[in-house]
Amino acid sequence: MIFLTTLPLFWIMISASRGGHWGAWMPSSISAFEGTCVSIPCRFDFPDELRPAVVHGVWYFNSPYPKNYPPVVFKSRTQVVHESFQGRSRLLGDLGLRNCTLLLSTLSPELGGKYYFRGDLGGYNQYTFSEHSVLDIINTPNIVVPPEVVAGTEVEVSCMVPDNCPELRPELSWLGHEGLGEPTVLGRLREDEGTWVQVSLLHFVPTREANGHRLGCQAAFPNTTLQFEGYASLDVKYPPVIVEMNSSVEAIEGSHVSLLCGADSNPPPLLTWMRDGMVLREAVAESLYLDLEEVTPAEDGIYACLAENAYGQDNRTVELSVMYAPWKPTVNGTVVAVEGETVSILCSTQSNPDPILTIFKEKQILATVIYESQLQLELPAVTPEDDGEYWCVAENQYGQRATAFNLSVEFAPIILLESHCAAARDTVQCLCVVKSNPEPSVAFELPSRNVTVNETEREFVYSERSGLLLTSILTLRGQAQAPPRVICTSRNLYGTQSLELPFQGAHRLMWAKIGPVGAVVAFAILIAIVCYITQTRRKKNVTESPSFSAGDNPHVLYSPEFRISGAPDKYESEKRLGSERRLLGLRGEPPELDLSYSHSDLGKRPTKDSYTLTEELAEYAEIRVK
């Protein structure tokens, strides 16, 4: 824009009307296009008392002092001028009317400079005015853009050209305004401190796309080839818009992740990476990376990019999904239940993607769910069979984890059918196997003796627990006659169960009773057969008379063993025998039956030949009854 600082013309005229002193007025600066002309308006004044007959004047170039011999632009007295101004300068004003307006034609760059006027009234009445005008020779129109152009807000851009040549008048037009929507153009002529300016106003609403747009103005002079163009680039301010950002990102745990955020704005934005309200990185830039080294599941989540400047802000988010194997499952729920209750067990874990969850027991799948982080196991009316160890397994394509847990079902005692009594000679052992939770108490009752023995009496009862099974063994000795009835009773806080224990191997007792008589008969028959064979064959004259003497043969005691797996080897203790006999001898029981016999094995030796004596093939057994 051209700024002129000289006083307005009307102020000079007022001052001149008062008269009485030397003075001049002209614009301090004036401009014109190269090749055109310019009219420099000028008025001067002098004291009224001088009253000259003729007034002359001189225009100098770049110096007001004649002593310096400055180039003469115009001289009214002699018409002698500097060669640079030959045919280019003439006076438009009437010096007698104190008008010193100068016209310069066919302007060229070397004519740009300071122009001074000197009044010549004759004699010593000559005066060079200090006021001067600076001529600027231009080649382009002046485009004025507001200091701040904001997108979306209407703006006015002006094109100004000097209009100080009375012979050539400029015509203005806009260039490159087609991409500015629907602009409007206004034109006017404006006086600016004695000079004239042709002005064209362009109104439009800029967009962010108009930033950097090259807008031009053209000044053309009709009937000539003179055209002058000027251009200006639009600096459109607009708020940020995020134009580049990652879409959802999937990364495996431990890998490197780089998130990019790019924004378009003017001026450049402040970019900020944030997560959960915490600033992770920020910088004034058009794009900003956020690098995450060895990502963990804790870094999984939503990341936000915020772009802002003085004209607004924008933000966008990106989801980072960290893929990882399931964590060790956690189990919440009932671990102890009473038989018949409903048990609810919740198994949960965390993984990405969600895992396949499975609950199984002893390789049998009880419940499973696909792509869920929780699995609920419902066991209605639990039974003792539900007691035991369970596993919750979580797996996805990145790994597998498992957790074991135990369910303890509490129930009343159950005496198993394998419970029984067994007798061997004078020893009776009773086995009572109880399934129970919690551990029960076990007692053996002998109704015929009116005696009850429990596991605290370790001389008679041995107990051992394995899991839910409790095995109790009652050992009775000195039972030569029929063994007594034995009832096993087990109880805990949930109930009581009793069972009369059946006897196994009862035929052994029968053989123990008839054994002495049968043995005598068997030996008698054996002797008869031997004698018959001896007399028949007459091969050998052998006289044998078998003799059975109690003193010749030691007692051989037959005591078959009855053992239960895990039972202690304490049955031969003398103290035990004494205690057991005292227990069984209560209430006037009959005395013990001591049966001693030796066993005869008729088939021990192989047959030699048909002449071998039967006595040589058989062993004998002595049976003694007391």
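A Cβ is built for glycine as well, from the same backbone N, Cα and C atoms used for every other residue.
Ser549 is the residue among Ser549, Ser573 that Swiss-Prot labels phosphoserine. Of the cysteines Cys42, Cys100, Cys159, Cys165, only one is given by Swiss-Prot as the disulfide partner of Cys37: Cys165. For Cys432, the disulfide partner recorded in Swiss-Prot among Cys347, Cys392, Cys488 is Cys488. Here the CA atom of Cys392 (disulfide bond) lies 82 Å from the CA atom of Cys531 (S-palmitoyl cysteine).
Relative to Cys488 (disulfide bond), the disulfide-bonded residues with Cα atoms inside 10 Å are Cys430, the candidates having been Cys217, Cys392, Cys430.
Put simply, Asn406 (N-linked glycosylation site) is 119 Å from Cys100 (disulfide bond) when counted between their Cα atoms. Cα to Cα, Asn406 (N-linked glycosylation site) and Cys165 (disulfide bond) are separated by 108 Å. In the three-state DSSP scheme, Cys531 (S-palmitoyl cysteine) falls into the helix class.
When the CA atoms are compared, the recorded positions lying within 10 A of Asn315 (N-linked glycosylation site) are Cys305, out of the candidates Cys42, Cys217, Asn246, Cys305, Asn332, Cys432. If you average pLDDT over the domain 'Ig-like C2-type 1' (139-237) in this model, you get 93.
Here the Cα atom of Asn332 (N-linked glycosylation site) is found 6 Å from that of Cys347 (disulfide bond). Proximity note: of the listed recorded positions (Cys37, Cys165, Cys217, Asn246, Asn454), Asn246 have a CA within 10 Å of the CA of Cys261 (disulfide bond), given in sequence order.
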